[in-house]
Amino acid sequence: MATMTELSPTAGKTKHSQDTRVDESLVPKKVLSFRSTRYGIAFIAHFCNFILMAQYAAINISMVAMVNGTNHQSQFNGSTESLPLDALGGSNDAPNSLPAEAPVYDWSPQIQGIIFGSVNYGMMLTTAPSGYLAGRIGTKRVVGVSLVVSSLLIIFTPLAADLGLAFLIATRTVQGLAQGSIFGGQHALWERWGPPRERSRLCTLALSGMMLGTFAIILLGGIISQTLGWPFVFYIFGGIGCVYCLLWFVLVYDDPVSHPWISVTEKEYIVSSLAQQVSPCKQPLPFKAMLGSLPLYAICLCSFSHQWLVTILIVYMPTYISSVFNVNIRDNGFLSAFPFIISWVTGILGGQLADFLLTKNFRLVTVRKIATFLGNFPSSVLLVALSYLTPDYITTMTLLIVSCGFTPFCQSGIYINALDIAPRHSSFLMGASREFGYTAAILAPTVSGFLLSQDPEFGWRNVFLLLFAINLSGLIFYLVFGDAVVQDWAKDRKLTRL
């Protein structure tokens with residue numbers, strides 16, 4: 001007689017540690033070391049995300065130069081008045097300081113919003129499938145090939161802009177296909193490299209490269225645009241991506257077993273800690289059960305609301321600072337970049353904090369919800385407050401820095417929560433939740449550009465109020481329905497004969 005038996009990975013644990021689903025008696029003890037191979041993989045992924053985000057956000061700071069001198073800038077001023085430039089040590093010579101050979105385009109705020117969001121059209125299509133594909137054929141090939149394609153397309157972007165708006169949007173859409181594959185494909189690494197009690201640290205270390213990349217592109221992009229011309233922003237960071245691809249293919253391996261330089265002790269530690277979570281045989285995705293999973297819906301909806309927040313910060317911070325302070329592009333790059341170096345630091349510290357709370361017997365679901373709350377609510381509240389205050393240099397920059405600094409806490413919350421509820425399908429689910437979030441990355445610039453065009457007086461206030469409403473809705477849904485226990489549909493099922 002054939003019966004179905006369910007392998008339970010949660011037996012024999014204490015009350016508070018059962019959420020991590022690891023029988024610690026079966027796992028060799030391993031001293032944590034930043035010189036370990038798994039941390040080396042995390043650092044490599046960190047710099048891959050650095051390049052990826054620099055390429056993704058290159059147009060955000062370049063746009064200030066690409067439309068400099070057109071008659072649309074006044075529409076971004078909202079209800080604020082420009083501060084005198086000498087208060088910032090700058091001068092009102094931005095249009096004259098740009099290299100003469102750099103072309104300038106007459107794009108309205110609404111058109112700019114469409115351009116900003118176009119890269120996400122492609123990302124929506126590939127983030128989830130690439131996660132599933134990386135789980136099948138390996139992260140090394142999926143991410144490596146995608147990074148090559150993304151780097152080549154970013155080099156082609158200035159030529160696409162010269163060919164016309166349709167060519168530029170099409171180029172960024174195809175670039176989004178490649179970048180979505182990088183975002184989604186990298187998650188499969190932590191199915192095989194991330195011991196459960198180190199996942200927060202490893203994942204946030206890898207993902208924090210996005211904030212460092214944002215900082216670098218906004219800071220250096222302003223300097224490059226003013227000295228060499230905005231096209232060189234794309235040429236330089238595209239070239240860096242092409243060179244880094246060579247290192248990726250040499251240094252990255254899909255699992256500890258295939259890595260040639262990992263120590264035997266570390267290999268046994270990782271493999272043993274994951275033995276109860278990852279089945280050696282691939283199982284079909286339980287789509288029907290997934291569609292009925294409230295914890296999965298909670299991850300997706302909160303990813304959408306958080307992505308709306310992050311998109312507004314990344315895409316519109318240079319434009320907002322330009323409208324409020326009326327500074328040249330070099331100073332704009334510095335002011336816009338500084339908040340992201342703070343968020344880079346808090347992103348890494350957030351992972352350390354999450355794993356520290358787990359050692360203090362906090363339940364895993366509690367840690368995920370704390371991280372998600374900190375990454376959403378304070379930031380959106382501060383942005384709303386910003387829209388009601390009289391523009392002051394110190395106050396405005398302080399609120400932007402603190403708001404941006406809180407957002408990376410979600411890296412230890414919703415963005416790795418799929419590893420908790422369905423470790424065997426996490427690469428697909430993390431990609432799927434990101435893909436759902438990227439609909440916000442498309443809608444946020446488009447809707448915000450429309451609001452700024454239609455209401456010059458209160459445009460920024462409307463943008464931030466809408467952000468707060470969306471952000472709060474997704475957060476509440478996650479706090480109510482979020483979970484961190486392996487779902488029944490994600491447990492290993494095995495057919496046995498009695």
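Cβ from N, Cα, C; glycine included.
Annotated features in TrEMBL:
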| type | residues | note |
| --- | --- | --- |
| DOMAIN | 41-486 | domain 'Major facilitator superfamily (MFS) profile' |
| REGION | 1-22 | region 'Disordered' |
| TRANSMEM | 39-59 | transmembrane segment |
| TRANSMEM | 114-135 | transmembrane segment |
| TRANSMEM | 142-161 | transmembrane segment |
| TRANSMEM | 202-224 | transmembrane segment |
| TRANSMEM | 230-253 | transmembrane segment |
| TRANSMEM | 294-317 | transmembrane segment |
| TRANSMEM | 337-358 | transmembrane segment |
| TRANSMEM | 370-388 | transmembrane segment |
| TRANSMEM | 394-416 | transmembrane segment |
| TRANSMEM | 436-452 | transmembrane segment |
| TRANSMEM | 464-486 | transmembrane segment |
Practice problem: Report the listed stretch (142-161, 337-358, 394-416, 464-486) having the maximum count of Cβ pairs within less than 8 Å of the transmembrane segment (230-253). | Solution: 142-161
Exercise. Could you please provide the mean pLDDT value for the domain 'Major facilitator superfamily (MFS) profile' (41-486)?
Key: 86
Quiz prompt | Contact between the transmembrane segment (370-388) and the transmembrane segment (39-59) (at least 3 Cβ pairs under 8 Å, separation 6+) | solution = no
Exercise. Count the CB pairs under 8 A between the transmembrane segment (436-452) and each of 114-135, 142-161, 294-317, 394-416, then give me the winner.
Key: 294-317
Quiz item: Do at least three C-beta pairs under 8 angstroms join the transmembrane segment (337-358) to the transmembrane segment (39-59), pairs 6 or more apart in sequence?
Solution: no
Quiz item: For the transmembrane segment (394-416), what are the same-chain contacts with Cβ under 8 Å, counting residues 6+ beyond its ends?
Solution: 190, 199-200, 203-204, 207-208, 211, 299, 302-303, 306, 309-310, 313, 317, 324-325, 335, 338-340, 342-347, 350-351, 353-354, 367-376, 378-380, 382-383, 385-386, 430, 433-434, 478, 482
Exercise. Using a Cβ-Cβ cut-off of under 8 Å, list the residues of the same chain that are 6+ residues beyond the ends of the transmembrane segment (294-317) and lie near it.
Key: 57, 60, 116, 214, 218, 336, 339, 372, 375-376, 379-380, 383, 400, 403-404, 407, 410, 414-415, 417-418, 421-422, 429, 432-434, 436-441, 443-445, 448, 463-464, 467, 470-475, 477-478, 480-483, 487
